[in-house]
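Structure record follows, encoded as structure tokens.
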Amino acid sequence: MAIGNTSSSSSSCCSRFWSSALRSKRLVSPAEKTARDNSGRGLSRRLGVFDLILLGIGASIGAGIFVVTGTVARDAGPGVTISFIIAGASCVINALCYAELASRFPAVVGGAYLYTYTAFNELTAFLVFSQLMLDYHIGAASIARSLANYIVSFLGIFPVFKDNIPAWIGHGQNIGGVLSINILAPILLMLLTLVLCLGVKESSAVNSFMTVTKVIIVIIVICAGAFEVDVSNWSPFVPNGMRSVFTGATVVFFAYVGFDAVANSAEESKKPQRDLPIGIIGSLLVCIALYIGVCLVITGMVPYNLLGEDAPLADAFKSKGLKFVSVLISIGAIAGLTTALLVGLYVQSRLYLGLGRDGLLPSIFAKVHPKRHTPLYSQIWVGCVASILAGLLNVKILSHILSVGTLTGYSVVSACVVVLRWKDRTNSQVSSAKRLEGIIFLITVALSGFAAGLLFHYQVSFIFVIAAIVVAIGASLALHFRQVYGDSVGFSCPGVPIVPSICIFFNMFLFGQLHREAWFRFVILSIVMVGVYATYGQYHADPSADENIIYHEAPVESPR
């Protein structure tokens, strides 16, 4: 009898778990529910299209534009320009997927988590959030330490500070392999957290000023360097073959990451359906243009094999006697890191806000300040977590496990575009069998991309890479011919399902290029978060709760 009761109880628990894990958030029309913009529990809509573009640029371009361009050029030569074009093209098609979903879900915060919750299920959405959030937490701490390092180095220009600032203030005082004391990084994080707590208007003003400053400096650097270009340095353009160019593309792909931050500002956008796609794609195109300009200048000024390792762009200008440009580069790097950190903290708080509203996290994360209209507790939480990591730990040792969340998020968002377009030939809902078949094809594309990346990483015969590509093409064609696709509300990603399938394949290809530690991190974190969901999330989450902000489909804005 006891054994029977235990078995029955275990079966009941499993049944409840899967029932909760597989539920999704329904996409309803404005006629059914109205967004509660005036309820006092929502955020304040203050961001225009220009603010959104600057938000995306601020998140994407940090100090890397002055460093990554040169370090990759040491291997790819002038062909680094092609690397940035390839990576930029890949990001553009990812951005098209984000733009469609941002247009379809303009009401509230959530980004990739919200899209996954609606297209797939609750557990998958929670896992996507956890992978993204670990990247954000570690990334914020790493950027804060880099910013502190740059500030201290910049102060070294002045004699009163040169060699007089202790390492534990800005550069970091290592204590063993893991601990590293840094006082300035947490202070910077707390200051930026304070700015974000004041309101989106104030934080947007800071981001706009710093981003415009950064862009102006990059343009000055490009123009000043253009007069020092020797076109003979561009020959041969691809000295080490196309393999180095493609390898470079996998590295510089992450230099564009950040445009997705715009999608998380949906609840604070004045006209989300119109402005979000413009902000996402517009910011990315500006970043591509700036990166290409810097690549052409740095490889034209100095032969690629003579570029420095730590500060290649600054060294190139010093070699031409333009030391003042090196000072500008330092200021640009500080401005770039500041905006990247500011936007990163902003995005984290909005994601916590979304999960707090849905009950997957404690309700304190869902509270919005009645006057400032900011998620105060979520903002303070992410600032404190980043401050602890930045102030006490040597986060550089964790760099190998970064980018997992970004690639996971991008891949799932691309899959969401495909899933949300499915419809039956006779009604608007696709059958369960057809849906399962489509998901299997999507998983096949993803696994083929990962296999191709793994084979390329370990330099296995290219025939096997081609075989993986052929399998992915077959699955993509099956998606195209075996499913029926409807139209999207607002902005539409072209070429569905082929374009999203290309995104998934390339993102998973990059996933296969990561260190083994990153793969272990993905598996271990997923297992841990399934446990968290099983013990807390499944009992508190309620997608249809009345107190939740309604995730509704955007009405089509009338032309003016």
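Each residue, glycine too, has its Cβ placed from N, Cα and C.
Model confidence over the domain 'Cationic amino acid transporter C-terminal' (491-540) stands at 94, taken as the mean pLDDT rounded to a whole number. As annotated by TrEMBL, domain 'Cationic amino acid transporter C-terminal' applies to 491-540.
As annotated by TrEMBL, transmembrane segment applies to 47-68 (among others). When Cβ-Cβ distances below 8 Å are used as the criterion, the transmembrane segment (47-68) is approached by residues 143, 146, 150, 200, 204, 207-208, 210-212, 214-215, 218, 221, 251-252, 255-259, 261-262, 265, 268-271, 274-276, 278-280, 282-284, 286-287, 290-291, 294, 310-314, 329, 332-333, 336-337, 339-340, 342-344, 347 of the same chain, each at least six residues removed from its ends.
TrEMBL lists 80-101 (among others) with the feature transmembrane segment. Outside the transmembrane segment (80-101) by six or more residues, the chain places 69, 72-73, 115, 238, 245-246, 248-253, 255-257, 259-260, 262-263, 276-277, 280-281, 284-285, 287-288, 291-292, 295-296, 299, 304, 410, 413-414, 416-417, 420, 488, 490-494, 499-500, 502-503, 506-507 with a CB less than 8 A from a CB of the stretch.
Sequence annotations record features per position, and here TrEMBL assigns transmembrane segment to 107-130 (among others).
Marked as transmembrane segment by TrEMBL: 142-161 (among others).
Marked as transmembrane segment by TrEMBL: 181-200 (among others).
The transmembrane segment annotation in TrEMBL covers 212-229 (among others).
Below 8 angstroms of C-beta separation, residues 49, 52-57, 60-61, 65-66, 69-70, 73-74, 76-78, 80-81, 84-85, 88, 91-92, 95-96, 98-99, 102, 215, 218-219, 221-222, 225-226, 228-231, 233-234, 239, 252, 255-256, 258-260, 262-263, 312-313, 315-317, 319-320 of the same chain, each at least six residues beyond the ends of the transmembrane segment (280-304), sit close to that stretch. As annotated by TrEMBL, transmembrane segment applies to 280-304 (among others).
Distant neighbours of the transmembrane segment (324-347): 55, 57-66, 111, 136, 139-140, 143-144, 146-147, 150-151, 153-154, 157, 188-189, 192-193, 195-196, 203, 206-207, 210-211, 213-214, 217-218, 220-221, 224-225, 258, 261, 264-265, 311, 313-314, 317-318, 379, 382-383, 386; these residues of the same chain sit at least 6 beyond its ends, with a Cβ under 8 Å from one of its Cβ atoms. The transmembrane segment annotation in TrEMBL covers 324-347 (among others).
Outside the transmembrane segment (376-395) by six or more residues, the chain places 136-138, 140-142, 144-145, 148, 172, 174, 177-183, 185-186, 189-190, 192-193, 196-197, 345, 348-350, 352-353, 356, 364-365, 367-369 with a CB less than 8 A from a CB of the stretch. Residues annotated as transmembrane segment in TrEMBL: 376-395 (among others).
Residues or ranges marked as transmembrane segment by TrEMBL: 462-481 (among others).
The feature transmembrane segment is assigned by TrEMBL to 493-512 (among others).
For 518-536 (among others), the entry in TrEMBL reads transmembrane segment. Beyond the ends of the transmembrane segment (518-536), by six or more residues, the same chain brings 17, 21, 123, 126-127, 130-131, 134, 360, 400-404, 408, 511 to within a C-beta distance below 8 angstroms of the stretch.
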(message) Below 8 angstroms Cβ to Cβ, which residues of this chain, lying six or more residues outside the transmembrane segment (107-130), approach it?
(response) 20-27, 35, 42-43, 101, 260, 263-267, 272, 347, 350-351, 353-355, 357-358, 360, 408-410, 412-413, 415-416, 419-420, 525-526, 529-530, 532-533, 537-538, 541, 543, 549-552, 554
